[in-house]
Amino acid sequence: MINQNKTKITRGQFFCMILQTQIGTQLVSLPHNLQETAKGGAWISSLLMGVCIQIFIFLFGLLLNRFSGQDFYQICIHIFGKWLGRVLCGIYSSFFLLAAAFTLMVYVKIAKAWVFPKTPHWFLLFVMLLTSVYLARSSLQVMSRVMVIASLFLPSLFLLVAMGLSIANFTYPMPFLEVGWLKIIQTAFLALPAFGGFEVILFIYPYVHGTNKQKLMAASLANALTTLIYTVLVYTSLAVFAPEEIAIVPEPLIYMLKAIRFSLVERLDLIFLNLGVLSSTTTLAIYLYISGKGLKSINNHIAIKKVVPIIALIAALLTYVATDPFSVKYYEMKFIGIIPVFTFIIPVICLLLSFFRKKERLS
Amino acid sequence: MRLEERINEIKENLSNSIDIEQRMLHCKGQVAALLYLKTLCDEQKIVREIITPLQRLERGSPVHVVRSVNILVKQDVEQVIKQLLQGWVLLLLENEKNNYLFAALKEEAREAVEPENERIVRGPHQGFTENILKNLSLIRRQIQSKHLHLSTFYLGKDTHTQVVVAYMKNLANPILIKKVKKRITSIKVDQLLPGYLEEFIEESPASPFPQLLNTERTDRVIANLMEGRVAIFIDGDPSVLIAPVSLFTFYQSTDDYHSRWQVSSFLRIIRLISFFLAFQLPAIYIAMVSFHPEMLPLNLTYNIQGSLRQIPFHPLIEAAIMELTLELIREAGIRLPSRVGQTIGIVGGLVIGDAVVNAGYISYTMIIIVAITAIASFIVPTQEMSNAVRLLRFPMMFAAAVLGLVGITFGTMILVIHLCRLESFGLPYFEPFSPLRLKEWKDAVFRFPVWSLKERSNQPEPLRKKQVESSRRWGHDQSE
């Protein structure tokens with residue numbers, strides 16, 4: 001370490017980083033959102049989303065392997081040329097800014113609803129940004145180390161959720177295919193904000209030690225684990241709450257934990273909320289970092305350390321667009337519309353263009 | 001120049017101080033003068049080893065007869081002054097231009113007794129002294145290796161303090177050594193008093209955590225040298241600096257290796273728990289009492305709320321008053337002689353503790369919390385870390401008072417991020433946790449049997465990792 005290249009991270013750290021980006025605050029309302037249209041098949045939707053993302057992870061792998069040592073920003077500039085490529089970097093950077101703003105929005109919504117009904121909006125934002133900006137200003141290596149420590153808490157999150165199974169009624173979600181496959185597949189896309197974060201693979205991949213195969217394996221494992229946790233989580237809430245009940249509970253997981261008691265700790269929901277805060281801070285930090293990295297790839301003189309606080313400030317201001325749960329939901333639906341463009345469509349176009357480019361050069 | 005003038009020049013250069021001793025004598029049939037600082041030199045030694053042989057000298061060079069171990073011949077006055085200030089004796093001869101210098105430093109070293117602040121139950125009861133030569137000899141005697149390397153630096157334009165960097169040449173990472181030496185040589189100051197050096201060479205001055213280990217124990221320094229770390233000795237300071245360190249170095253005590261490994265592992269875990277308790281416990285109490293009383297079981301909540309009903313203060317104020325009182329008692333206890341110190345303990349602990357509850361200012365629960373916190377912070381085997389941890393609980397208490405448990409989560413996260421960012425000479429400070437190396441937990445978090453620690457800790461990135469070649473092989477040996 002003392003004489004090593006300090007910019008590279010290990011595969012384990014890469015794994016934890018993807019995991020921490022994917023798992024964020026959005027998970028608490030995931031069962032509610034999916035159940036609305038998919039009913040008892042909501043857990044299948046979540047599983048399908050995981051599989052779909054897995055396919056794209058392989059496509060990402062194809063793209064990244066063609067340009068070894070370059071991250072997606074550099075690839076964009078490589079494929080689209082200096083000007084168009086830089087514009088695209090800027091757009092991507094703003095996408096991550098939006099993602100950060102959206103993460104903040106959901107965090108404030110849940111924090112206000114469950115623990116701090118009277119604390120001012122700006123103060124909740126301030127503490128969150130203080131922590132995540134501090135993290136995002138660190139090097140990639142330090143960030144990845146923090147992600148590893150944060151991941152040590154994931155088993156407890158999983159345990160907390162699984163605890164719900166003790167009060168579950170397994171007939172509630174049945175029949176699974178009540179609404180039919182088409183609806184279930186359509187609903188899967190509603191899970192996208194919760195699963196969102198796997199796209200960071202595009203930006204971190206070249207800074208990981210190991211062969212392409214090993215790196216893809218790590219990314220896939222992270223996605224598989226996220227899918228597993230989400231699916232169990234959705235299934236648990238489906239089994240704990242009756243279908244009519246879940247429709248009126250926006251954050252079923254927290255509500256469920258309120259009912260479970262230990263001899264020493266009475267309110268497990270508070271512990272769960274703290275774990276949620278932890279995961280959303282890490283998610284936010286990575287979004288801020290990657291957004292800053294985008295600006296750096298436009299102009300190499302920009303230091304990530306210096307732009308991250310500015311990006312965070314803009315993201316904080318953006319959250320004032322929606323301060324009540326209903327408008328958050330409204331913007332959430334709009335945001336879901338643009339996520340696939342950035343996470344699925346543009347990378348695939350890049351992949352196709354890279355094939356085309358290669359041929360051009362050969363002829 | 002005449003002898004008289006030469007003597008005056010030297011005296012002038014030493015600010016005509018009263019401790020300059022001048023002794024005229026006859027040597028080789030000419031007038032000669034001995035000059036030295038009597039505050040530094042051993043006068044018996046001068047008589048025995050320098051004056052007596054010189055008076056008998058009839059021809060030849062004084063160099064051949066003087067019985068001093070170190071002899072120098074210098075022309076330059078500046079250099080002569082430098083040597084005089086280090087306890088050397090100057091010989092001036094009337095008809096010779098050469099300045100002869102003989103070492104005659106008074107050896108003043110106290111016994112190598114066990115340091116007061118790092119006592120252990122079992123193991124060697126030996127500590128460093130204020131004399132650097134004695135300290136180095138203590139190390140040399142116990143590491144009889146050709147690889148032990150010592151290099152010396154003189155720091156401080158006026159104080160000219162001797163600083164010695166010691167390391168094992170076959171273990172310590174060359175890049176680390178380069179870093180240490182570069183940082184030491186870059187110090188350009190008038191005075192380098194003991195205790196200054198740490199602040200000059202540490203990486204993050206803003207951090208509350210000590211980034212070098214300060215110890216007065218010889219066995220501790222030896223163990224660290226053998227792990228590939230660098231020890232920095234400063235003349236006049238019994239505490240030796242060790243670099244690079246991780247957080248867990250501060251939680252290892254040498255007597256861990258003198259008791260059964262199960263016991264030591266248990267104690268290490270207790271210490272790590274105490275690390276969290278020392279700054280989290282008051283914060284958790286505040287969060288529980290003022291934010292989430294419903295989190296605790298019902299009976300406990302009634303109990304605590306019952307004792308809190310009469311208290312006029314917010315839990316944060318209550319905790320702050322008590323914590324500050326405790327710091328007050330502690331600080332007062334340090335400066336006083338031990339007999340008066342006991343009185344302070346009784347007045348502070350018993351009288352204040354009891355009266356403050358009876359008067360209805362502070363609740364009993366708070367007293368318990370403060371007491372546990374204090375004890376937890378004293379468990380740390382090193383003073384520096386104990387202080388750092390005690391300081392941390394105030395921001396943590398504030399965070400808890402503002403946002404409850406969520407505040408503690410944010411506070412802890414900032415602390416963990418800080419620890420992950422922190423480096424000691426370019427090496428990670430929070431090592432076996434970040435980067436996560438489960439293998440290193442064997443000696444950092446637990447204390448596995450010594451024979452099972454086949455490899456050295458990777459934290460200082462030693463050149464050679466293997467430390468146990470073979471052990472406990474007798475079971476396979478049929479001849480026994």
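Our numbering is plain: 1 for the first residue shown, then up by one each step along the chain.
The backbone N, Cα and C atoms fix where each Cβ goes, and this holds for glycine too.
Curation does not apply to TrEMBL; its annotations are automatic.
Note that the structure is predicted; figures quoted are calculated from it, not measured.
Taken from TrEMBL, the feature transmembrane segment applies to A:42-64 (among others).
Annotation source TrEMBL lists transmembrane segment at A:84-108 (among others).
Residues annotated as transmembrane segment in TrEMBL: A:120-136 (among others).
As annotated by TrEMBL, transmembrane segment applies to A:148-172 (among others). Counting same-chain residues at least six beyond the ends of the transmembrane segment (A:148-172), those with a Cβ under 8 angstroms from any Cβ of the stretch are 12-13, 16, 19-20, 23, 40, 229, 232-233, 236-243, 253, 256-257, 259-260, 268, 271-272, 275, 278-279, 282.
What TrEMBL lists as transmembrane segment is A:184-208 (among others).
According to TrEMBL, the feature transmembrane segment maps to A:220-242 (among others).
Remote same-chain residues near the transmembrane segment (A:271-290) are listed as 17, 20-21, 23-25, 27-28, 93, 96-97, 99-100, 103-104, 106-107, 110-111, 114-115, 128-129, 131-133, 135-136, 140, 143, 146-147, 150, 153, 156-157, 160, 197, 200, 203, 253-254, 257, 265, 304, 308, 311-312, 315 (criterion: CB distance under 8 Å, separation of at least six residues from the stretch ends). Under the heading transmembrane segment, TrEMBL lists A:271-290 (among others).
Residues annotated as transmembrane segment in TrEMBL: A:302-323 (among others). Sequence-distant contacts of the transmembrane segment (A:302-323), counting only residues of its own chain at least 6 positions beyond either end whose CB sits under 8 Å from a CB of the stretch, comprise 97-98, 100-101, 104-105, 108, 121-122, 125, 129, 132-133, 136-137, 288-289, 291-293, 295-296, 330-331.
Residues or ranges marked as transmembrane segment by TrEMBL: A:335-356 (among others).
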Chain residues in Cβ proximity to the transmembrane segment (A:220-242) (below 8 Å; excluding those fewer than six residues from its ends, i.e. six or more beyond): 14-16, 18-19, 22-23, 27, 30-32, 34-35, 40, 42-43, 45-47, 49-51, 53-54, 57-58, 154, 157-158, 161-162, 164-165, 167-170, 172-173, 191, 194-195, 198, 249, 252-253, 255-256
Same-chain residue ranges lying at least 6 outside the transmembrane segment (A:184-208) that approach it to Cβ under 8 Å: 7-11, 13-14, 17-18, 21-24, 26-27, 30, 33-34, 36-38, 41-42, 44-46, 48-50, 52-53, 56-57, 60, 63-64, 68-73, 99, 102, 140, 177, 215, 218-219, 222-223, 226-227, 230, 283, 286, 290, 293, 332, 335-336, 339-340, 342-343, 347
